[in-house]
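Peer 1: The following feature annotations were taken from TrEMBL:
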BINDING   W64, Y157, K287, G320, R404  substrate binding site
BINDING   G124, S125, D258, P321, T322  pyridoxal 5'-phosphate binding site
MOD_RES   K287  N6-(pyridoxal phosphate)lysine
Amino acid sequence: MFSLDAPLTPRELSQLDRERVWHPYTTSPTDSEHPVVDSAEGVRLRLAEPVHGVDELIDGMSSWWAAIHGYAHPELDAAAHAQVDRMSHVMFGGLTHENAVRLAATLTEITPESLDHVFLADSGSVSVEVALKMCLQYWRGLGRPEKRRVLTWRGGYHGDTWHPMSVCDPEGGMHHLWRGALPEQVFAEAPPAGFSAEADADYLEHLEGLLRRHSGELAAIIVEPVVQGAGGMRFHSPEYPRRLRELADRHGVLLVFDEIATGFGRTGELFAADHAGVAPDVLCLGKALTGGYLTMAATVASGRVAEGIAGGEVPVLAHGPTFMGNPLAAAVARASLRVLLRDDWRARVRRIESGLASGLAPAAELPGVRDVRVLGAIGVIQLDRPVDTAAAAAAAVERGVWLRPFRDLIYTMPPYVIADEDLARVTEAAVAAARVG
Ligand SMILES: *Cc1c(COP(=O)(O)O)cnc(C)c1O
C-alpha cells in the first residue's frame, strides 16, 4: 500500500518526515523532530501526539505572519466551502472570475491612491519577481534597457527565488555561495535601528551618494518599509521610506515596497507605507492576504508603471503562473479582507501592542538580552549571541506556545484575535525562551 493511505501512527509519520521531507531551511534526512499538527482552531494548534506533555499550542507566529484571524475562522471557512462547491480553480489566461476582479479592485481601494493595477501572484517571492520584472520592463519600454540593477539596504528579506534572493541581505542570503550566479545588486548599509520620527543625516547622505553614483544603471529601489522581517526583525524610522520616495523621484528610479510581512495592519497602520505617508510605484503583498488559508500574493502597481510597460516594444507583462488568480484563494482573501476591515483591526493591534510591551518587558532584565522591542502586533527579544533555538523553542512548547526563534531572535506576531490571557502566555513563553536560549 502506498503511504498516501497506509495506516500510520504519529510516530511513523514523524519518522517518514525525517527521512523523506525537506522543511524550510533544513537538511533531508534530518535528526530534528517536528511536532505533527492534526488540526487548528482559533489561536490553537492541536497536536497529533503530545510534545513535552502538551497537546495544544498557542500559535505565537500566526503561521509566519499569515493567520491574522486565527484558524478555522467561520467566515473564511464558509467562503472556502462555498467556493469549492462552485470551482476550486480555472485558468486566468483568457478567462476571468468575480473573486479575482473584486479582490483586485479592493486592493487598489485600500492601498495608497496611485496604485491601481494588480497582478495576482501565487506566492510572495513570485510577487517580488513580478515587481522587479515590471520595473526592468518599464525602463526598457522607455528605451533605457541599461537600467536593470536594483538598490536595497542590508538586513532585508524578499523571498527565496532568484531575483528576490539577490536583494536579500548578502550575509543572511549567503550571497558568497552564489557569487557569479546571482545578479549583483547595489547595497546600502542597513537603516539605523529604532522606530522614531528622526532620520540620521549621514545615513541619508549615504543613500543619496549611492543613487548619485548608480542611478544610470538602476531600475528600482526595493525595501521593506519600517520593519525588516526575516532579515533580522529590525524596526526603523518611517522617515527613511519617506526620503527614499524623494530620492527615487529626484534620481529617476522606481520605488518598490515589499509589504508581504507588514501589510494588513501588522505594524499598527494598514500598510507600513502609511506610517511614512508615501506611495511606492509598486507594492508587494502576501502572507496575511488570504488570512493564512492559501498561498496568494499581489503586486500592485501605479498607472505610470503599467503605461510604461504597455508603451514598450513588447507591451505585455510577460508573466502568467498556472495558478494565477486562483478562485479559491481569492474567495478566502475577500472574506479575510472583509473581516479585517469590518472588525476594528486597529484597536486589536493596539491591544496586542500594549500586551506585548508589558509582557516582554521582564526580558530586558535578563542576562544576555540585548534589546526588547515592540511595534504594532510584533514583539522581539534580541539576545547578544545566537539563540540555542532547540532549547528556546522547547521552553515555549513546555508552556503551551509555538515560537520559532532564529539567529539571535525570539519573536512573536500573534493572530489579531488572540485573547489577553493567551497573549500573556505567549509573552511568558517568549521570556522563558530567552532565559534558556
Ligand atoms: C515571506 C516574505 C517574502 C516571501 O514570500 P513567500 O510567500 O514565502 O514566497 C518576501 N518578502 C517578505 C518581506 C516576506 O516577509
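Glycine is no exception: its Cβ is also placed from the backbone N, Cα and C atoms.
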Peer 1: Would you mind listing, in sequence order, the residues at least six apart from K287 (substrate binding site) in the same chain with a Cβ closer than 8 Å to its Cβ?
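Peer 2: W64, W65, A66, G124, I260, A261, G263, A297 - these are the non-local Cβ neighbours of K287 (substrate binding site), listed in sequence order.
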Peer 1: Measuring Cα to Cα, tell me the gap between T322 (pyridoxal 5'-phosphate binding site) and R404 (substrate binding site) in whole angstrom.
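Peer 2: It is 32 Å, counting Cα to Cα.
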Peer 1: Using CB under 6 Å from any atom of ligand 1, narrow the binding-site residues G124, S125, D258, G320, T322, R404 to the ones that qualify.
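Peer 2: Going through G124, S125, D258, G320, T322, R404 in sequence order, those close to ligand 1 turn out to be G124, S125, D258.
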Peer 1: Could you tally the C-beta atoms, other than its own, that fall within 10 angstroms of the C-beta of G124 (pyridoxal 5'-phosphate binding site)?
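Peer 2: There are 30 of them.
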Peer 1: Compare the C-alpha of D258 (pyridoxal 5'-phosphate binding site) with the C-alpha of each of the binding-site residues Y157, G320, R404, and give the closest one.
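Peer 2: Checking each of Y157, G320, R404 against D258 (pyridoxal 5'-phosphate binding site), the shortest Cα distance is to Y157.
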Peer 1: Would you give the longest CA-CA distance, in whole angstrom, between residues of G124, S125, D258, P321, T322, the set recorded as binding pyridoxal 5'-phosphate?
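Peer 2: Answer in Å: the longest Cα-Cα distance is 23.
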Peer 1: Counting other Cβ atoms within 10 Å of each residue's Cβ, which of the binding-site residues W64, Y157 comes out lowest?
Peer 2: W64
Peer 1: At 10 angstroms around each C-beta, which of the binding-site residues G320, P321 has the fewest other C-beta atoms nearby?
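Peer 2: The binding-site residues G320, P321 were compared, and G320 has the fewest Cβ atoms within 10 Å.
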Peer 1: Among S125, T322, the binding-site residues in question, whose Cβ has the most other Cβ atoms within 10 Å in this structure?
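Peer 2: Neighbour-count leader: S125.
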Peer 1: In Å, rounded, how far does the Cα of G320 (substrate binding site) sit from the Cα of S125 (pyridoxal 5'-phosphate binding site)?
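Peer 2: Counting only the Cα atoms, the answer is 14 Å.
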Peer 1: Cβ-Cβ under 8 Å from R404 (substrate binding site), same chain, 6 or more residues apart: which ones?
Peer 2: M61, T389, A393
Peer 1: Looking only at DSSP and grouping its letters into three states, which state does D258 (pyridoxal 5'-phosphate binding site) belong to?
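Peer 2: Reduced to three states, the DSSP call for D258 (pyridoxal 5'-phosphate binding site) is strand.
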